[in-house]
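S.K.: Quick one: the structure is below, questions incoming.
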Amino acid sequence: MIDSQYWSHVFKLDPDKPISDEALEAICESGTDAVIIGGTYGITYEKVIDLLGRIRRYALPCVLEVSNQDAIVPGFDHYFVPLVLNATNPEWILKPHQRAIKAFGTMIPWEDVSVVGYCVLNPASAVSELTQSETNLSLDDVVAYGRLAAHMLKLPYFYLEYSGTVGEASFVQAVYQQLKKETDLHLFYGGGISNRTQAETMLNGADTVVVGNVIYEDLRQALQTVPEGKR
Ligand SMILES: CC(C)=CCC/C(C)=C/CC/C(C)=C/CC/C(C)=C/CC/C(C)=C/CC/C(C)=C/CC/C(C)=C/COP(=O)(O)OP(=O)(O)O
Ligand SMILES: O=P(O)(O)OC[C@@H](O)CO
Ligand SMILES: [Mg+2]
């Protein structure tokens with residue numbers, strides 16, 4: 001089991017991007033609460049198993065954000081299965097999930113699997129293009145997706161996904177305040193966090209912030225996004 005209710009900060013590593021042993025050590029020993037392995041394109045079984053093996057030298061929890069069936073590797077502490085709630089391409093709503101469940105059958109360790117409801121908000125992101133997400137959403141639209149996730153689908157997690165760009169802090173905080181008032185959802189925020197101030201700001205609108213791209217652009221700044229008390 002993972003204790004994600006206590007996570008305030010996680011790093012997201014992309015198997016399609018090279019990372020040195022030194023950088024990986026710094027990430028894994030940064031004090032972050034967990035590492036998620038995920039990304040949109042170029043995610044293969046070989047790349048995922050290689051990265052998992054390297055991360056396993058360290059004690060922190062490691063979660064696979066499942067993005068394609070062929071890259072599902074056993075041995076993770078947990079699996080996040082994405083449901084892109086605002087996808088408009090029907091091919092990406094439930095079909096890949098049904099295919100994977102058909103392929104893996106009874107081998108799926110369901111106790112280690114959580115479904116994560118994503119609301120994708122950056123129209124220029126790879127995940128938005130792939131799933132043809134409807135990103136021009138008002139506060140009421142996003143809150144309605146959160147309510148749908150909590151009350152209709154009974155999901156544990158809701159992920160505001162700005163991948164590659166920073167969301168408007170007041171908007172993210174308004175979503176957070178509304179959904180925390182009325183649901184038990186655990187809220188992830190991810191997108192564009194590239195320094196400590198941004199991480200602190202976005203933590204006012206999330207239970208957990210996810211830090212990705214900056215790892216590959218400026219490792220020193222990435223490490224600074226870990227909250228002071230954890231380092
Ligand atoms: C035997 C064993 C260990 C089994 C466990 C396997 C398991 C978890 C089984 C469950 C079965 C199941 C339901 C699997 C789902 C399979 C699947 C392919 C689902 C599709 C998910 C989906 C909607 C994908 C499209 C969108 C996508 C890529 C989502 C990933 C999350 C995301 C927002 C990525 C964006 O990341 P980012 O870093 O921003 O991307 P880029 O850097 O590339 O831009
Ligand atoms: O890569 P960035 O922009 O930090 O986004 C993190 C994460 O939300 C991507 O799924
Ligand atoms: Mg990424």
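Cβ coordinates come from backbone N, Cα and C, glycine included.
Note that TrEMBL annotation is computational and uncurated.
From TrEMBL, here are the annotated features:
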- LYS12, TYR159, LEU160, GLU161, TYR162, SER163, GLY164, GLY192, GLY212, ASN213: sn-glycerol 1-phosphate binding site (BINDING)
- ASP14, THR40: Mg(2+) binding site (BINDING)
S.K.: Of all the Cα pairs drawn from LYS12, TYR159, LEU160, GLU161, TYR162, SER163, GLY164, GLY192, GLY212, ASN213, the residues the record ties to sn-glycerol 1-phosphate, which distance is largest, in Å?
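M.R.: Farthest Cα pair among residues binding sn-glycerol 1-phosphate: 17 Å.
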S.K.: With H, G and I counted as helix, E and B as strand and the rest as coil, say where DSSP puts LYS12 (sn-glycerol 1-phosphate binding site).
M.R.: strand
S.K.: Distance between LYS12 (sn-glycerol 1-phosphate binding site) and THR40 (Mg(2+) binding site) at the Cα atoms, whole Å?
M.R.: 12
S.K.: I'd like to know which of the binding-site residues GLY164, GLY212 has the most other Cβ atoms within 10 Å of its Cβ.
M.R.: GLY212
S.K.: Rounded to the nearest angstrom, how far is the Cα of THR40 (Mg(2+) binding site) from the Cα of TYR162 (sn-glycerol 1-phosphate binding site)?
M.R.: 13
S.K.: For LEU160 (sn-glycerol 1-phosphate binding site) and THR40 (Mg(2+) binding site), what Cα-Cα distance in Å is obtained after rounding to a whole number?
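M.R.: That separation, Cα to Cα, works out to 16 Å.
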S.K.: Is it possible to get the count of other C-beta atoms within 10 angstroms of the C-beta of ASP14 (Mg(2+) binding site)?
M.R.: 21
S.K.: On a simple 10 Å Cβ count over all chains shown, which one of the binding-site residues LYS12, THR40, LEU160, TYR162 is most densely packed?
M.R.: LEU160
S.K.: Rounded to a whole angstrom, what is the C-alpha distance between THR40 (Mg(2+) binding site) and GLY164 (sn-glycerol 1-phosphate binding site)?
M.R.: 12
S.K.: Can you tell me which of these binding-site residues sit near ligand 3, meaning the Cβ is under 6 Å from at least one of its atoms: ASP14, THR40, LEU160, TYR162, GLY164, GLY212?
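M.R.: Those binding-site residues that pass the cut-off, since their Cβ is under 6 Å from ligand 3, are ASP14, GLY212.
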S.K.: How would DSSP class GLY212 (sn-glycerol 1-phosphate binding site) in three states?
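M.R.: Reduced to three states, the DSSP call for GLY212 (sn-glycerol 1-phosphate binding site) is coil.
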S.K.: Out of THR40, LEU160, TYR162, GLY212, which binding-site residues lie by ligand 1, with a C-beta less than 6 Å from some atom of it?
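M.R.: Result: THR40, GLY212.
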